[in-house]
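Q: Just passing along the structure, written as structure tokens.
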Amino acid sequence: MSETAKKVIVGMSGGVDSSVSAWLLQQQGYQVEGLFMKNWEEDDGEEYCTAAADLADAQAVCDKLGIELHTVNFAAEYWDNVFELFLAEYKAGRTPNPDILCNKEIKFKAFLEFAAEDLGADYIATGHYVRRADVDGKSRLLRGLDSNKDQSYFLYTLSHEQIAKSLFPVGELEKPQVRKIAEDLGLVTAKKKDSTGICFIGERKFREFLGRYLPAQPGKIITVDGDEIGEHQGLMYHTLGQRKGLGIGGTKEGTEEPWYVVDKDVENNILIVAQGHEHPRLMSIGLIAQQLHWVDREPFTGTMRCTVKTRYRQTDIPCTVKALDDDRIEVIFDEPVAAVTPGQSAVFYNGEVCLGGGIIEQRLPLPV
């Protein structure tokens, strides 16, 4: 079978990126079908309506392109492998990234297996802004061409084997080009806005949503000097570097500079704050990461120079990485970095290549 006669199942989300991905693959001669994944069905309110609208859009695009759309329900897998872990991390006072977990457990595991075993696919494809390159018989994950939209940060857990079975057609394009293709084709998704926030929360208020699953425990807000200046409604609602939603103004003797969360004392349920976004307590010289995933799946030993992102929209930080043991590394930044947050992911790069990453276990504070 020639490469292009191979069967590709495109994860159709009802958005513009997956819509254009399906068309691009058709143009390349692949045998294309779509799959709409339902990953959440805990409530049938607003999210149900959004999912129904997304499915209708995905169906309209598939009809327009003349391809079959399959549907599958991964809600049980999502609950067990993504959502419960998400809640456990929040409960422990950390700030997880469910998109990374969803890609790891659902889109590139459950979907990949379902497409291959049930639908006879040679490849899956998604609308992610990343690229793939095959070097020395191994697939590598590269940043998307559009640096504003690059999503490699969210896909660092993928192995070279998973990448070898995945296609990323829009990774070679910039977002405005993708929208233009969709407009020229008259696709209903052409002007649809990009989804933001956590998929299972949608447009709902985060506090309200989280409060349904985890009991909030109010506690003290204290300054780095130990003064009590307010009450928080629950540590899980706050993340390092946050300034909005603290409900505190300046102190009588202090400046009017805004307050930022600089630490959480989970054991005593205390939120620690300081004034100024570059307060020393907010800065870190490095971090310890665990639960490592290297794209090439080779164990990392010794040290290396590379760059790291400790959150999605961040400029690359030059750093030195040192192996501590099989599943832990120490990362030392060239310059101190603000708001390094336990539970989030540290993702490593060598130029355009995403090497892999891990979960931030602890940050290394500035020496006092």
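Residue numbers in this text run from 1 along the chain shown.
Including glycine, each Cβ sits where the backbone N, Cα and C put it.
So Swiss-Prot says this about it:
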type: BINDING; residues: G11, M12, S13, G14, G15, V16, D17, S18, M37, G127; note: ATP binding site
type: DISULFID; residues: C102-C199; note: disulfide bond
type: ACT_SITE; residues: C102; note: active site, nucleophile
type: SITE; residues: H128; note: site 'Interaction with tRNA'
type: ACT_SITE; residues: C199; note: active site, cysteine persulfide intermediate
type: SITE; residues: Q344; note: site 'Interaction with tRNA'
Q: Taking only the Cα atoms, work out how far D17 (ATP binding site) lies from C199 (disulfide bond), in Å, as a whole number.
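A: Cα to Cα, D17 (ATP binding site) and C199 (disulfide bond) are separated by 16 Å.
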Q: Relative to the Cα of H128 (site 'Interaction with tRNA'), which of the recorded positions G15, M37, C102, C199, Q344 has the closest Cα?
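A: It is G15, whose Cα lies nearest.
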Q: List every residue in the same chain as G15 (ATP binding site), at least 6 positions away in sequence, whose Cβ is under 8 Å from its Cβ.
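A: Sequence-distant Cβ neighbours: D54, D57, G127, T189, K192, D194, S195.
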Q: Please report the Cα separation of M37 (ATP binding site) and C199 (disulfide bond) in Å, rounded to an integer.
A: 12
Q: What are the non-local neighbours of G11 (ATP binding site), defined as same-chain residues 6+ apart in sequence with CB under 8 A from its CB?
A: S18, G34, L35, M37, K107, F111, I124, A125, T126, G127
Q: Could you check which of the recorded positions S13, C102, C199 is the closest Cα neighbour of Q344 (site 'Interaction with tRNA')?
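A: Of all the candidates listed, C102 is nearest in space.
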Q: How big is the ATP site in terms of the longest C-alpha to C-alpha distance among G11, M12, S13, G14, G15, V16, D17, S18, M37, G127, in angstrom?
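A: In whole numbers, the farthest two Cα atoms are 16 Å apart.
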Q: For C102 (disulfide bond), which residues of its chain lie six or more apart in sequence with Cβ-Cβ distance below 8 Å?
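A: Set apart from C102 (disulfide bond) by at least 6 residues yet with Cβ under 8 Å, we have N39, Y78, V82, C199.
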Q: Let me check the 10 A CB neighbour count of H128 (site 'Interaction with tRNA'). How many other CB atoms are there?
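A: The Cβ of H128 (site 'Interaction with tRNA') has 26 Cβ neighbours within 10 Å.
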Q: May I ask you to report the DSSP-based helix, strand or coil state of C102 (disulfide bond)?
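A: Note: C102 (disulfide bond) is helical by DSSP.
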Q: Pick the one among the recorded positions M37, C199 whose Cβ has the fewest other Cβ atoms within 10 Å in this structure.
A: C199
Q: When you measure from the Cβ of S13 (ATP binding site), which residues in the chain that are at least 6 apart have a Cβ under 8 Å away?
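A: Spatial neighbours, sequence-distant, of S13 (ATP binding site): F36, M37, D54, A58, G127, S195.
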